[in-house]
Every structure is written in C-alpha cells, then in structure tokens.
Amino acid sequence: MTATLERRESASLWGRFCDWVTSTENRLYIGWFGVLMIPTLLTATSVFIIAFIAAPPVDIDGIREPVSGSLLYGNNIISGAIIPTSAAIGLHFYPIWEAASVDEWLYNGGPYELIVLHFLLGVACYMGREWELSFRLGMRPWIAVAYSAPVAAATAVFLIYPIGQGSFSDGMPLGISGTFNFMIVFQAEHNILMHPFHMLGVAGVFGGSLFSAMHGSLVTSSLIRETTENESANAGYKFGQEEETYNIVAAHGYFGRLIFQYASFNNSRSLHFFLAAWPVIGIWFTALGISTMAFNLNGFNFNQSVVDSQGRVINTWADIINRANLGMEVMHERNAHNFPLDLASVEAPSVNG
C-alpha cells in the first residue's frame, strides 16, 4: 500500500495534468476537447467584441467601397456587424501575417475569417466535450448528437456556403441586420422558401417550440402535490428523490381526451426521444439544404408562368415570388453588378434590325 502511494506521489507533471483535465470532479469539466475549445472560443469572443466596437469599414465587395459595421463608425446594436472578408480575398486563408499591414488586414475584413474559423472549431470541440463528459460519466451519447444540429447549421452558413459561392464575402455577417440581409439575399439568389429541406427545418423549429410548450405545461399541470395549499407546489420536490414528481398517467389521460387517445404518449422514453429528435432532424435538413444551395442546387422555381390558350399570363403566387426575388436581387451589391444574374444571363437582342 505504501509503495502504491509513493508511485502516485511521484507521478509526472504531465500525468497530474492528464488527471486534472479528465477529472469529472472539477466544477467545470475541461476534457481533451476543452483544451482546444477554451482558447478558440476565447479568441473568437474577444476579437468579435473588439471588432464589433472598433473595426474600420471593410471592402466587402472588393470594389473599393468599404462598408462600416462597428459601433465607433456610426452603427448601433441593431445595424452593427462584423463585415465578411472581402471578395478580393475570396477563399484564401487570410491570417494577419498574410497582409502587408494590420490596416490592410482590417480593410479586407480579416477579423471575420479569424472569428468564424475559431468559432467553428470551438463549437465543434464543445460538441466533442459533451460526448467526452457523457462517456466519463457512463451516460449515453445523445446530448452531443442533438447539439450536432446547430453545429451543422453554423458550419453551413459560415463555411460551406462561402466555399460553394467561392468567397468568404458571401458568408453570413456577424450581426442582427447582417443576418437579415443574408436571409433576404439568400432568398433572392436561391429561392430557399421553396426548398423542401427549408420547409422541414421550419416544421422542426416551430414544431419543437410547440411540443416543448405542450410538454412543459402538461408536466407542470400534473405535479403530484406534496405540500399544503398555502405553499408552493415546487417546495414538495427534493433533488434526487426516487418518486415521480408528476403523474404521467394523468397527463396522458388529459391529452388523450383533449385530442384523441393515440395522440398522447404513454411512454416517457418515447416521448422524450420524440421531443429531441423532431427539432434536431428538422435543423439537420435545413443545414443540408443550405449546403446544397451553396452549390446552386436551388429551391423549386416556377419561371415558366401559367398561360391561357391565347398566350396571356395567368398570374399565380409563383409570379409574385419571382418578382420579389428579382427586386431583392437588384438591390443587393447594387454597385458591384449592372444587372442581376437572372437578367444578365439572357441573350442580348440583336441591334442590327
């Protein structure tokens, strides 16, 4: 026994570091994924805050027309953003040392690439850390699987879409108005609202919100009261208690009578799997949709209008969408293009008579 203790005490500094990193007794679990996650997320967060406050305007379109995004250059919380890296840089890796000066790096939107690449690495490591902690505690791995949905969505808009379009300047700006601008331009160029994978994502997000509200309200309404009427029902719960805290039979009976019997789960495990799977699968599909539209496999288009026997156009909702898309397309990057791509791709009429 004494020999064992002596060996433990003489363990190397590296061994003690490994034990500390992988210990589940720490207040916050670090883990090997955390060793990479902590510096990358700290870097992304620090640069984001500094750039959001003080970054100079960025030549996003590569046409020597810088766009301001920071608070000190005239923006507020709503209009401010980290402007994406310039189209002049394209998909090139653009760290600070690749620029002739820090001023040039800022002018070409270097902070955007720095933030996005560190952020994506950081959230991927956060997902790995979730799996790692689950593994150490003997839990099942589905927490990390669920988190893969928002990781996939972030990767789609910040990395896959710029790769497909050929430039980080097409990535989503890091700000409120910038996000909306990205959505509007995406609709104009890819007709995302008519893409079935986006529709599945909408069903996932809105359906998940509905199911979450239904589940929470049902459980809260069917608590087993352990207190008097003069006390909060919450006071009757003890953390770690063996007894059920709510009556699933009562909740099942209520919901089964509200709609019909088979609309209500009578198995708690099936119910919670459904609550997790519905929004996760929906967001997976949306990320997949963004990733395919990145390479211009777009949503349904109805460019051929419905016509009557005389050749007259019968206007439909599709015609209104097409007109709206063209309007949005001509408004964005208005100094970089003379015509939207849809109009410019049509063969020019003959001028020789």
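Just so it is clear, glycine is given a Cβ too, placed from its N, Cα and C backbone atoms.
The N-acetylthreonine annotation in Swiss-Prot covers Thr2.
For the transmembrane segment (29-46), the residues of the chain that approach it from at least six positions outside its boundaries are 20-23, 114-116, 118-119, 121-123, 125-126, 128-129, 131-133, 136, judged by C-beta separation under 8 angstroms. The transmembrane segment annotation in Swiss-Prot covers 29-46 (among others).
For 118-133 (among others), the entry in Swiss-Prot reads transmembrane segment. Through the fold, the transmembrane segment (118-133) approaches residues 24, 29, 31-34, 36-37, 40-41, 43-44, 47, 139, 141, 143-144, 147-148, 150-151, 154-155, 158-159 of its own chain, all at least 6 residues removed from its boundaries and within a Cβ separation under 8 Å.
Here Swiss-Prot flags 142-156 (among others) as transmembrane segment. Listed as Cβ neighbours of the transmembrane segment (142-156) (distance under 8 Å, sequence separation of 6 or more from its ends, same chain) are residues 119-120, 123-124, 126-128, 130-131, 134, 276, 279-281, 283-284, 286-288, 290-291, 294.
Tyr161 (site 'Tyrosine radical intermediate') falls within a helical segment according to DSSP. Annotation for Tyr161 (site 'Tyrosine radical intermediate'): spatial neighbours Asp170, Gly171, Met172, Ile290, Ser291, Met293, Ala294, criterion Cβ-Cβ under 8 Å with sequence separation of six or more. According to Swiss-Prot, the feature site 'Tyrosine radical intermediate' maps to Tyr161, an assignment based on sequence analysis.
Long-range C-beta contacts of His332 ([CaMn4O5] cluster binding site), restricted to its own chain and to partners at least six residues apart, with a cutoff below 8 Å, comprise Asn181, Ile184, Val185, Ala188. Here Swiss-Prot flags Asp170, Glu189, His332, Glu333, Asp342, Ala344 as [CaMn4O5] cluster binding site.
Other Cβ atoms within 10 Å of the Cβ of His190 (site 'Stabilizes free radical intermediate'), summed over all protein chains shown, number 23. Per Swiss-Prot, site 'Stabilizes free radical intermediate' is recorded for His190.
The transmembrane segment annotation in Swiss-Prot covers 197-218 (among others) and is backed by sequence analysis.
Taken from Swiss-Prot, the feature Fe cation binding site covers His215, His272. Counting Cβ atoms from all protein chains shown, His215 (Fe cation binding site) has 17 others lying within 10 Å of its own Cβ. Taken residue by residue with DSSP, His215 (Fe cation binding site) is part of a helix.
Annotation source Swiss-Prot lists transmembrane segment at 274-288 (among others).
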- Query: Based on Cα coordinates, which of the following recorded positions are within 10 Å of His215 (Fe cation binding site): Glu189, His190, Glu333?
  - Reply: none
- Query: Do you know offhand how many angstrom separate His272 (Fe cation binding site) and His190 (site 'Stabilizes free radical intermediate') by C-alpha?
  - Reply: 35
- Under 8 Å by Cβ from Glu333 ([CaMn4O5] cluster binding site), same chain, sequence gap 6 or more: Asp61
- Item | Fewest other C-beta atoms within 10 angstroms, as judged across Asp170, Glu189, which are the binding-site residues | Glu189
- Task: Based on DSSP, name the secondary structure state of Glu189 ([CaMn4O5] cluster binding site): helix, strand or coil.
- Result: helix
